[in-house]
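Visitor: As annotated by Swiss-Prot, active site, phosphoserine intermediate applies to SER109, with the evidence given as sequence analysis. Sequence annotations record features per position, and here Swiss-Prot assigns ATP binding site to GLY35, LEU36, SER37, GLY38, SER39, GLY40, LYS41, SER42.
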Amino acid sequence: MNVKSTNISWHRALVDREMREKLLGQNGILIWFTGLSGSGKSTIASELEMRLYNMGRLTYLLDGDNVRHGLNSNLGFTKEDRIENIRRTAEVCKLFVDSGIITISTFISPFKDDRDKVRKLLGKDFVEVYVDCPLEVCESRDPKGIYKKARNGEIKDFTGVDSPYEVPDNPEIVVSTNLDTVQQCVNKILDFLSCKVQE
């Protein structure tokens, strides 16, 4: 990461990550959902968060749309803005993970290079969940009506229509929302996480 300011230094806190995780009784981790719009990322992530909450786990869900209302409100959907959207979000996720929180993020994050940068930043704390769903199924769901707008030319650079989605090469978890129920998808994720979040 290129830091423009040259007169700053990193200050170490007296309370470190290990102490925070011990206090919470859990390990901080980032569960990064990626997939087309309408694939079911937010639905599965919300159910996952509720299940973890009911298990007594401290979580935080960063939804791609919600983050664009605040932190990333000055970004559009050009390739450059999408890259910056993911970069900023990854840095926030890193802070949450360092605080011992099970962090769940739901971003289309269509570019492999961007996701690889998040993986590099988080290291062993990064779990990529690819929400696999055929484009035609996502379009038929179209909960926000945005595929229709994209097909009508009202939205430019829309992932899956006139901007590519690069399928992950080797995600930790793949869930198929056109084949499995939300509960089945969540169970699959929880099975994978069972040994990772336990302190």
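Even glycines carry a Cβ here, placed using N, Cα and C.
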Visitor: Under 8 Å Cβ-Cβ from GLY40 (ATP binding site), six or more apart in the same chain: what's there?
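Guide: Sequence-distant Cβ neighbours: VAL131, CYS133, VAL175, THR177, VAL182, CYS185.
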Visitor: Indicate the candidate from SER37, SER39, SER42 with the smallest number of other Cβ atoms within 10 Å of its Cβ, considering only these binding-site residues.
Guide: SER42
Visitor: Far apart in sequence but close in space: which same-chain residues, 6 or more away, have a Cβ under 8 Å from GLY35 (ATP binding site)?
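Guide: Once residues fewer than 6 apart are set aside, GLY35 (ATP binding site) is near LYS41, ILE108, TYR130, VAL131, ASP132, CYS133, TYR165.
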Visitor: Can you check what DSSP calls GLY40 (ATP binding site), collapsed to helix, strand or coil?
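Guide: Coil, per DSSP.
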Visitor: Centre the Cβ atoms of GLY35, LEU36, SER37, GLY38, SER39, GLY40, LYS41, SER42, go out 8 Å, and tell me which other residues of that chain have a Cβ in range of the ATP site.
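Guide: The answer, listed by sequence position, is THR106, ILE108, VAL131, CYS133, CYS138, THR177.
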Visitor: Do you know offhand how many angstrom separate SER39 (ATP binding site) and SER109 (active site, phosphoserine intermediate) by C-alpha?
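Guide: That comes out at 13 Å between the alpha carbons.
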